[in-house]
């Protein structure tokens, strides 16, 4: 129940932060996962791209739910950036593997 | 977030649902109507009558007439797209693209003469169909807005499911006579849960239809961004051929059509001529999908100069590529026969009702108490609710009405119809701002009902071949009018409910309430619901 008068500035900032993290982080993680899986799934190239793209929106929805379910914004931020970092590393390795 | 997982999901459901609710309602309404896109288009072009299917030589001759027209009117185009005449749509439907970013050229020809077909200028059902995913905005913008709304809808669905502790019991719960907010909540639950598999399917597959625009990164890394190469490797399109930049005469397409028909047993839907006039021209024959869920058109590519058959694409798709086409197929429901199509349509209507009850619920949950004034956000939401829930159906009805009432030879007629649509919508959205809440609801709903009746009247009066006026007339008009009458009845019923609900409150009850102090809080626990539920509010 949200009546305007009762919302503090801190709560507003927390909600705004979550929206940004859910949208940006969610899309970022989904995009990185799609790129990584497209290169690494043990399928033919077209199949890997198709499968990764099909999954990507479920990944994004999962991240959004996760961000809003976490108790603290900080924990959510750490988890999402950590995951994005891991995916970045994986993608970097996969792309290096492609062009030695 | 504060509180339990379920509470944070209830919060997420409420707010994600609210911010995109109005756009989602428009997407749902126009998308639901699009299940009958060919029928709506045919209704809006009453000059065209159903024709017997053409045999192979006649179809080939019609295609030759299309090419003759295109050679004259679009000699520099990079691609010609020739929709071949079908029994439901007995015209040559031509498109051509000259330069990227420019709107395509378009013409409709009579397949027997090759001259422009005589009929009223209208976008028909295609307007509602394009609005469904482009909102009549520039395509790129519209598709992104719709995609973002669809993604938020997906999140709202997931969080809505989590919010439901008693999803199975709520399924059978509808408390009509309880507090108004209760029955709205129940209506939201029933329409949401009853068609939940449909809602999840339609949202996810809807995103998938434009997946490569929203999520191009797989193609970026694996194919260096070359979409066409990916499509060809997945088996969705024939191998693209670059232009040779040497002119060469196009082979006659009539024989190609006949050979294509002899190769694939499906109905031939259209021809694409890529790089016409070039030595590397390609003619691609595209067939209707075979019976089944998958949205994959069989295709045959011919060399446009020698006429040699280059490639035949059937249904040899691998699992992930096939899943893609099945998802698109499920969304568009081309496979559905009469009964299944009706079921999809009803599920779509339930989606409209789910969104509508959801956004109304938000405003009901925040109604001011007796001694408070409505805050600005509430008044805005209330006005937007009426403007979309009554305004959009009114606009669609005016769109149909304009199709029947505008002079047939009016210049820019198709645009006038669309202007009428938006004009009606703007009026319907602005009027509630200056009217009291309940009055505005009642008037808006009643107006939709009257407009639907007006569409039926205009149809019967202006169409000489209407089955009510002519024995053996096209039954399509009768079906369309019956659907309009049904909608008129539904909206009249809704208007009456609002009116009747208002009456006792306005006369005696309100004064009594005032005398006794503030009305009882509508969320007071009711005997049918476990008191525990009260501590953990949902949807509020």
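Here, residue 1 is simply the first one shown, and the rest follow in order.
A Cβ is built for glycine as well, from the same backbone N, Cα and C atoms used for every other residue.
Keep in mind that TrEMBL annotations are predicted by a computer and have not been checked by a curator.
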| remark: Expected hit for transmembrane segment in TrEMBL across B:376-402, B:511-537 is B:376-402
| Can you say which of B:314-333, B:414-433 is given as transmembrane segment in TrEMBL? | B:414-433
| request: From the ranges B:184-214, B:215-245, B:246-276, pick the one that TrEMBL records as transmembrane segment. | output: B:184-214
| request: State the residues, same chain only, that lie 6 or more residues beyond the ends of the transmembrane segment (B:414-433) and have a CB under 8 A from a CB inside it; answer 'none' if no residue qualifies. | output: 121-123, 127, 136, 382-384, 386-388, 390-392, 394-399, 401-403, 406, 440-441, 443-444, 447
| remark: Same-chain residues at least 6 beyond the ends of the transmembrane segment (B:376-402) with a Cβ under 8 Å from one of its Cβ atoms are 18, 21-22, 25-26, 29-30, 33, 43-44, 127-128, 356, 359-360, 362-363, 366-368, 416-418, 420-425, 428-430, 432-433, 437, 440-441, 444-445, 447-448, 451-452, 454-455, 458, 484, 487, 491
| For the transmembrane segment (B:184-214), what are the same-chain contacts with Cβ under 8 Å, counting residues 6+ beyond its ends? | 31, 133, 143-144, 147, 150-151, 153-154, 157, 160-161, 164, 167, 170-171, 173-175, 227, 230, 324, 327-328, 330-332, 344, 347-348, 350-351, 353-354, 357-358, 360-361, 364, 538-539
| Looking at the stretches B:12-36, B:141-163, B:445-464, B:476-495, which one shares the most CB pairs under 8 Å with the transmembrane segment (B:342-364)? | B:12-36
| query | Near the transmembrane segment (B:476-495), which same-chain residues lie under 8 Å Cβ to Cβ, leaving out any that are not at least 6 residues past its ends? | reply | 39-40, 42-43, 46, 390, 393, 397, 400, 441-443, 445-446, 448-450, 452-453, 455-456, 459-460, 463, 465-468
| Other parts of the chain folded back onto the transmembrane segment (B:12-36), taken as Cβ under 8 Å at six or more residues beyond its ends | 1, 125, 128-129, 131-133, 135, 145-146, 148-150, 152-153, 155-156, 159-160, 163, 202, 206, 333, 336, 341, 344-345, 348-349, 351-352, 355-356, 358-359, 362, 381, 384-385, 387-389, 392-393, 396, 539-540
| Counting only residues 6+ away from its ends, which parts of the chain sit with a Cβ under 8 Å from the transmembrane segment (B:141-163)? | 5-6, 9-10, 12-13, 16-17, 19-20, 23-24, 27, 132-135, 192, 196, 199-200, 203-204, 206-207, 210, 213-214, 538-539
